[in-house]
Structures are given as structure tokens and as C-alpha cells.
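Listed features, source TrEMBL:
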DOMAIN    515-564  domain 'Cationic amino acid transporter C-terminal'
TRANSMEM  76-98  transmembrane segment
TRANSMEM  110-132  transmembrane segment
TRANSMEM  153-174  transmembrane segment
TRANSMEM  204-222  transmembrane segment
TRANSMEM  229-250  transmembrane segment
TRANSMEM  270-290  transmembrane segment
TRANSMEM  348-368  transmembrane segment
TRANSMEM  425-448  transmembrane segment
TRANSMEM  460-479  transmembrane segment
TRANSMEM  485-507  transmembrane segment
TRANSMEM  514-536  transmembrane segment
TRANSMEM  542-566  transmembrane segment
Amino acid sequence: MSTSTREKDEAEPQRGYWRWSKQDFLPEESFQSWNNYVSALSQTWLRFKDRLFSRSDDATETEELKKQSEHDMKRCLNWWDLIWFGFGAVIGAGIFVLTGQEAHNHAGAAIVLSYVASGFSAMLSVFCYTEFAVEVPSAGGSFSYLRVELGDFVAFITAGNILLESVIGSAAVARSWTSYFTNLLNRPKNSLRIKTNLKEGYNLLDPIASGVLVIASVITIISTRKTSFLNWIASAINTAVIIFVIIAGFVHADTSNLSPFLPYGAKGVFQAAAIIYFAYGGFDSIATMAEETKKPSRDIPIGLVGSMSMITVIYCLMALSLSMMQKYTEIDTGAAFSIAFQSVGMKWAKYVVAFGALKGMTTVLLVARLSQARYITHIARCHMIPPWFALVHPKTGTPINATLLITVASAIIAFFTGLDVLSSLISVSTLFVFMMISAALLVRRYYVRGVTPRENLVKLVMFLVIIIGSSIGISAFWGLKPNGWLGYTVTVPVWFLGTLGMSLFLTQQRVPKVWGVPFVPWLPSLSIATNVFLMGSLEYDAFIRFGVCTVVMLIYYFLFGLHATYDMAHQQQMLKSKVDQTETI
């Protein structure tokens, strides 16, 4: 072999990954020329009808689409790693910030009941996610599950919303990181940010927030295993801080602070539950790591259910300790735990709390970089975004391109946008996706293509409409007349009868191979009801943002995503047809 040939062979893997041709970004026939694109646009309605009810399958999501990445992600995680990833993804600044805010404004001392309610709803969603993650161990998470059961269109709209929410959420956490770091250094507020003459809300530039995002991304790019190790250390430190907060809080507890227990009534409890639900957000990150888990059927259930069970208990204990240290009217909405400790003579504890929150936010950013990049990777595998972002690096075994995309987007937003602006963008996306996953699980259990009779499919659709419709009714009556009861005498029985009808008149067509949600259809149906109920407890602005984001996603889908996936699907069909002809010959 000549020297030039040897050098060419040695250089091939590097050149093979870092490529920039049009074929790597727009390989589909519809984008090869302007005439092709115009022709594709003229067939938008026909293509939409073709893809609307086109569903993927388990084998495609877990095996076929992985080929688009050219290299596999490294299987290096076990149940221990996933438990700590659960802690790292979920326990951030939310518990330190939202607890005091909601106890003061909505729930009072009953904030512990708000954590119980939102924790119960989160656990129902965890059960549904766990079954899907075991049965369809794909990096796409909820996007893959919805593609398999509800089709491309539903999967893209829901996953697109939660991905946008993740980008905004990461930017918000990064801005909070700067704020807590400033507090830890005992410096004036915004002293580490650059003041400019830009519009209010965008005039405080935050290079530290962008830098933290970049550093977290570099770590996740280098190695998933090393990221897991760092997350384990940081989460262990954060857990130690939380244990200190709980013990110190109960030592200085005064039970008289729990009276009155329900100052704002039941409505206040559920309003707070809808908001602090976001303190439980992030557990779906574990599902996106299925391709890097050594034994998904064993490790994912332990990691998901185990971590969320412990987190729910921790949150309830922290909320109770805060309520017993200070009366709800005296709880500070900005730095609840720090001020509470100061009121009982432990002024120094505010530094411990700030350090714990800082550690928590660091792990949230680390795990978010991992999970969001894997979301992007799988969406790119389906060609809903350019397939260049689906590539996995042969040496690191990580999706570098997808990580770069999510990092650049989050870093730019975090650099310019104030925390107040970002916080106002919290939406119903997370609850909406969790509700859709529960509905998809019912479809998975009761419908199998080519097996389920059409009559049973019609019944399934009817019962799902009844369950979702009655859940919306319950939520609407709660929002309009929380102290009334007449509406519930109709909506609650309708929900119950819809679920009972599914249980009695339909036969489950699929049995989970390893791990499954118990009490189907009752638990998934209850998950739908609780998620819709909490959605109805959110502010009007949240639905406005959800609507705007959905419209943006629809525009993108009809201009690009639909045509890319249509071409890819038909190209695969032609390829399969040629293979079948060859085998026949």
C-alpha cells in the first residue's frame, strides 16, 4: 500500500464525520432543485394525508433509524447511573425557588399537599414512560413513542414543543446559575452581567450563563461515561445539602406555623401543584439514554421509578420543613430557605443553600445537554431536520453535531434574554406531552395493525375521545367554578364510564414483554386526567405561548419536515421493493 493510500485510509474516519456537502443537509429529492421543491409544495395536501396516519414500528425506531447515525452510541450506563441521572435531571433550583413562591402565593402550609399531588401525577407519567422505554429503547424518547403509536405528525408537533421548551429552560437555568453564583460570592445583584442600552429584558448580557452551557456541552461531547461520573459526584453533594436542609429545618420547626393549613383552599393547592410540577420535570431525560444503557429492560425501570420515588419523598420533606420553620405569610418568595434559616438564627446557612442550588443547576444542565442532543439526533434520523445532526462520532460515541445545535441555540438566548422574560415562557408543553404519552400507551395496548378488528379500533377512538374530553371538562369546571360541584357530577362519571368501557369492551392486543404499567387502562387514563387538570390550572399566557410555538412548528413542518420525511419513507419503500425483487430472483 502506498503512503498516500495509507494516509487517505487513516484520514477517512475524520473526514467522514466532519463533512459539509448539500447531500449531508438536504439529501431528499424534494430539495435537489427549486423546481423539485415547488412540485413538492404543490403536493403538500396529498403528502400530508399520506403521512398523517403513517406510523413507525418498534424495529424501525430501535434498529433501522440508528443506521442514519452511521455509528452506535456506546452502551456504558447501568441502573446506578440512571438513578443519579434522575437526581441530576430533576433536582435543580426549582425546589429552592418554587417552594417558597407557591407556599406564599397559593398553597400556604399545604404546599406539601401540592408536592404530593404533582408527584402523584409525575409518577403516573413515569410508569407510562418506563413501559415505552423498555419496549422501544430509542434515543428519541417521547418522539419515538408517539411516532410508533400516533404517527409522524403528532410526534413532531409534541416533540417540537418540548424541545423548544428545553432550549428555553436550559437558558433560564443558566441565567439562574449566574444569579446564585453572584449570591454565593456575596456580590450585588447583576454585578457579573454586562449592562447595555438594549431593550428592557435584553439589556443585561450574561457571558457566564453562555459559558456554563458551553462547558457542560463540552463535557457531554467528550464521553457519556465521564459525564455520568461527574453527575454522580455533583448529585451526591447536592443530596447532602438537601439532607442538611431537611434535618436543620425540622430541628427548628414550630408546628404552630402550620395553622391555618389551607389558607387559600383546595384551589390554591392545585394551582401550586401545576406550577411546581416543573420541579419534577426532567425525568424523561432518562428515557433518551436507552441506547447507551447496558440492559434497558432492567436498568430503565429501576432508574426511572427508583429515582422519582425518592425525589417525591425528598420534595415533600423539604416543603414541610420550610412550612414549619416560617409561617406562610412570612416566607420569602425569592430566597425562601435562606431567609427561613436566617429567621431561626442560622444566617450562615444561606451559603449552604446557594451552594446546593448551584450544584443542582449544574447537574440539570449536564443531563439536559445529554438528553436534548439525543432528542435532536433521533429527529434528524427521521429527516425532520437535516440528517447531518444525526451523526454519531466514531471515537466519542456521542452526537456532537446535535449537541452543538442545542448548545448554540441555548447559549445565544441565555446571553441576551433576562430571567423574567424566560420565566414567562413556561408553558403547557411538558404536561401536554405527558398526556399524549399516556394516550399513546392506551393505543399501544389496545391496537395492533393488521390484528385489531376495525370495530375495536372505532371503539378505542371513541373511548379515548370520552376520556380526554371529560378530563378537559373537569379541568374547565375547576378553572371556572372551583367551589362548585354540579359540573363534576357529569364530567367525573363520564370519565369513569369511558375508562370502564375500555376495560370491559376491549381486549388488550399486546402484552409487555418485560415491564408494563399495572392496572391498564385505569392508570394511563388517570394520568391523562391529572395532566389535563394541571394544564387547566396554569395561567392564560402559558396557552398563548403554546399556541404560538405550535403554529411555528406547523409552518416548519409543512415547508420542510413533511416533504423530507415523505421522500425518506418512499425511498425506503423503493429500496425494500428492490431487495425483495433481488431475493425473489
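In case you wondered, yes, glycine gets a Cβ from its N, Cα and C as well.
Automatic, uncurated: that is what TrEMBL annotation is.
Keep in mind it's a predicted model, so treat the numbers as computed, not measured.
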Based on Cβ pairs under 8 Å, which of the stretches 76-98, 153-174, 348-368, 514-536, 542-566 lies most in contact with the transmembrane segment (229-250)?
348-368
Contact yes or no, the transmembrane segment (204-222) and the transmembrane segment (110-132), 3+ Cβ pairs under 8 Å, gap 6+:
no
Go through the chain and flag residues at least 6 beyond the ends of the transmembrane segment (76-98) whose CB is under 8 A from any CB in it; none is fine as an answer.
173, 176, 180, 224-225, 228, 231-232, 234-236, 238-239, 242, 275-276, 278-283, 285-286, 289, 292-295, 298-300, 302-304, 306-308, 310-311, 314-315, 318, 334, 336-337, 353, 356-357, 360-361, 363-364, 366-368, 370-371
Does the structure show the transmembrane segment (270-290) and the transmembrane segment (485-507) touching, where I'm treating 3 or more Cβ pairs under 8 angstroms (sequence separation 6 or more) as a contact?
no
Segment-segment contact (the transmembrane segment (460-479); the transmembrane segment (153-174)) at 3 or more Cβ pairs under 8 Å
no
Give me the mean pLDDT over the domain 'Cationic amino acid transporter C-terminal' (515-564), rounded to a whole number.
85
Using Cβ atoms and a strict cutoff of less than 8 Å, what residues sit near the transmembrane segment (514-536) while being 6 or more residues removed from its termini?
118, 120-121, 124-125, 127-128, 130-131, 134-135, 270, 273-274, 277, 297, 300-301, 428, 431-432, 434-435, 438-439, 441-442, 445-446, 467-468, 470-472, 474-476, 478-479, 495, 498-499, 502-503, 508
Restricting to CB pairs under 8 Å, which listed stretch, 110-132, 153-174, 348-368, 485-507, is in contact most with the transmembrane segment (425-448)?
153-174
Is it true that the transmembrane segment (153-174) and the transmembrane segment (110-132) have 3 or more Cβ pairs under 8 Å, skipping pairs fewer than 6 apart in sequence?
no
